[in-house]
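Structure first, then comments.
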Amino acid sequence: MGLTKQYLRYVASAVFGVIGSQKGNIVFVTLRGEKGRYVAVPACEHVFIWDLRKGEKILILQGLKQEVTCLCPSPDGLHLAVGYEDGSIRIFSLLSGEGNVTFNGHKAAITTLKYDQLGGRLASGSKDTDIIVWDVINESGLYRLKGHKDAITQALFLREKNLLVTSGKDTMVKWWDLDTQHCFKTMVGHRTEVWGLVLLSEEKRLITGASDSELRVWDIAYLQEIEDPEEPDPKKIKGSSPGIQDTLEAEDGAFETDEAPEDRILSCRKAGSIMREGRDRVVNLAVDKTGRILACHGTDSVLELFCILSKKEIQKKMDKKMKKARKKAKLHSSKGEEEDPEVNVEMSLQDEIQRVTNIKTSAKIKSFDLIHSPHGELKAVFLLQNNLVELYSLNPSLPTPQPVRTSRITIGGHRSDVRTLSFSSDNIAVLSAAADSIKIWNRSTLQCIRTMTCEYALCSFFVPGDRQVVIGTKTGKLQLYDLASGNLLETIDAHDGALWSMSLSPDQRGFVTGGADKSVKFWDFELVKDENSTQKRLSVKQTRTLQLDEDVLCVSYSPNQKLLAVSLLDCTVKIFYVDTLKFFLSLYGHKLPVICMDISHDGALIATGSADRNVKIWGLDFGDCHKSLFAHDDSVMYLQFVPKSHLFFTAGKDHKIKQWDADKFEHIQTLEGHHQEIWCLAVSPSGDYVVSSSHDKSLRLWERTREPLILEEEREMEREAEYEESVAKEDQPAVPGETQGDSYFTGKKTIETVKAAERIMEAIELYREETAKMKEHKAICKAAGKEVPLPSNPILMAYGSISPSAYVLEIFKGIKSSELEESLLVLPFSYVPDILKLFNEFIQLGSDVELICRCLFFLLRIHFGQITSNQMLVPVIEKLRETTISKVSQVRDVIGFNMAGLDYLKRECEAKSEVMFFADATSHLEEKKRKRKKREKLILTLT
């Protein structure tokens, strides 16, 4: 039996019109060895790389479905970590643009990502209150840190010590010892959410930003350094009073004697506060890579910059203060007052951290990033609330630095939501109009070819001939634009209220408008003499007016131009004859006003979409309701028939576009992609393209393919997608022996881990079958007294006729490192005995010892009770113990030998070139110089 009706599938073709999404952060990235030229910005589910110099998009890092919420470039500049709304993390290569590594561990949106100094570990914080530390090289999770009670806002690795500091919306700042994976210190000095934190002054100072205008500064003292007698106290400044020294000594004494359990690694003391100019909360707080410039901003459009002075600069400042104080003392003594035996000068926080300047952007700041150019110039790039990227530069070394805007990316999108879309008659040009501008896009290249300023646009269409466009505005005006010149030809006051809808007449000689002033007006095109030119230009003139009792929300002509449908605020749709304007039909049944409607190409059907979430299909001959469809989970915002068919599209506030069959009342397909409310859509005259706009600032193009769509298969795919979503939402299986404390298992059950577990189970089943077949084959050969050919398995032949045990090993090697533990966790215990026997075989052969040991130790940990109580497995475990120890020792010896060889080669190279070209050598030298200077200062202070 053939298909009764064939539908063709529409697929997502492109995302355009968005420069940067609001949920994520902007970061500088290094491409082709150039720093400070390229930025990565989140763009819905993708990441766009923009060239700030040319204002061009040069690379798109393709996402899947979820919106991007966080970006973090790796220290080597080769990779970019991207966090998503569903809690997944992908690491993209900036050279190829491919995302090869995926981490799944969080249940909610990623809020912060930070690499450690070498780029080997990545810390991720989420709205699910957990922090997970990932091993980037091994592509797996290391441990989960639990302790915060609300979303994580920031996480930072310390350079010198294996510690992590995190802040959250629970008002806490927590310090984690990564050797033991537990929280050893919680700072409770904040009364509101902590929105950001930075480490300064060689990680001896912490600055936190909360919901007030205060930046709190904390001094960090590490216990080892306090106990080190060679280290002088950095707080003792030349010229400081004995009283201050006594206080510091008393504090030091407190460090040693009255040591609280949480102060065993470090101690935090509040040093003071820096007052911001902004009164609202801190949105972002950051420091540049040199550690000299501190920047923060609130919910407004001002970035505040502070300079962290070096020790030399502070000393210079203190010397000046001292000189001034001595002069003052001399002046007092000359006036006959008693001279102080010693002049006291105290160093305040304002002496160390100085305000530099403020950068005022053109709109509210969503995020920013800082970078120092080789010429000493500071560059600050901003992602603004109105879909805009701006770059400012300034020289912080000048006495009064003036920020200068050097670059701006604007042409690729509107500043506000697009409220109306239209296709040209040849399907090539797309018009989009928002609150302040109209843009004309080339559909094939997605480039903006014309931008024109306008008032708040609500509806639009291309004038026949595609040389002019007409816009209806919120103030009730009609605006006529010429596309060739980009000029506004004419503005006409059409309605007293908002002009909600327009419909071009089928004979293309005029159009009709409906407004909030309860009237429908008819207009004709005409040519009038242009004052500035000898040629005539297009204009419009009003011919008739239809006055109604309610506000008009939508108007639509029937294709034969005999009828006019008018949607009113009283939830009805009234049909009038066009020639006499007499009333013909009233379509009532919607519970809320009809926002959108369209009439089919043959004039037989009218479909209406309402704020009550329903779409109703009516016959235009008698006004009977053929069917009422529950179309969306929120208001239906737009509805349009596909030309020359009874299929139509609807767009809703539930972020979805749906296609329907008005004859069979079937839901054909759902186009998902937008992340927020969809305002409007337009179907091209050919029906091959659909373009839609949303509150997420993006415009999306959907294309009709030649692929037939079968409804039963579509429903099956939807059910599968629902099941996959439900798998991710299931509770994590309990791991025996694991405590739900600070540190916990990092994985998350996903459909990929379930599939990986199924592959392992299938491989074990095949191994069992093949082993049984081989036993049978041996018995047959023995009975026959000759060698009988062994039947070969097609799966093993596909892998190159390998043995069943080698096939199992291949399956284990094929599982992603980040999904390995979770796959083993969902594996039933009945497969574990066979796996353990195979592991013993693999380790004896020396095959992938590291991988097999990782799987073995995890299985032993989660099935400890069942394995130890099973007498059959005792000899297997005993053998595993012997083979594992010997083989792991061999692997360790090989690594040790390789490291010794590399050390030898390093020494050889150094001896030849007589240059210490490894970074640790220079850092050791700098450390020695620093200690020597501190000792000299201490001697000066004591003398």
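Yeah, the Cβs are placed from backbone N, Cα and C, and that goes for glycine too.
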Swiss-Prot annotation (region 'Disordered') - matching range among 226-245, 326-345: 326-345
Site from S167, S273, S726, S923 that Swiss-Prot describes as phosphoserine, others unannotated there: S726
Candidate annotated in Swiss-Prot as SUMO2 cross-link, out of K477, K529, K729: K529
Of the residues K364, K474, K775, K816, the one that Swiss-Prot lists under SUMO2 cross-link: K474
Phosphothreonine per Swiss-Prot (candidates: T208, T257, T513): T257
The repeat 'WD 6' (277-316) - residue tally per DSSP class, helix then strand then coil: 6 helix, 16 strand, 18 coil
Helix, strand or coil at K474 (SUMO2 cross-link) [DSSP, three-state]: coil
Residue pair S726 (phosphoserine), K474 (SUMO2 cross-link) - Cα distance, angstrom, rounded: 44
Beyond the flanks of the repeat 'WD 4' (147-186) by at least 6 residues, Cβ under 8 Å: 108, 111-112, 114-117, 121, 123-127, 129-131, 133, 192-199, 203, 206, 208, 210, 222, 262-266, 268, 285, 741-743
Neighbour tally for S726 (phosphoserine), based on other Cβ positions within 10 Å of its Cβ: 10
Distal contacts, the repeat 'WD 1' (21-60) - CB-CB under 8 A, six or more residues away: 15, 66-73, 77, 80, 82, 84-85, 92, 94, 97, 109, 284, 366-369, 371, 373, 379, 381-383, 385, 389, 391, 407-409, 411-412, 673-675, 696-698
Contact ranking winner - 413-451, 494-533, 673-712 against the repeat 'WD 10' (547-586), Cβ under 8 Å: 494-533
Neighbour-count leader, CB within 10 A, recorded sites: K474, K529: K474
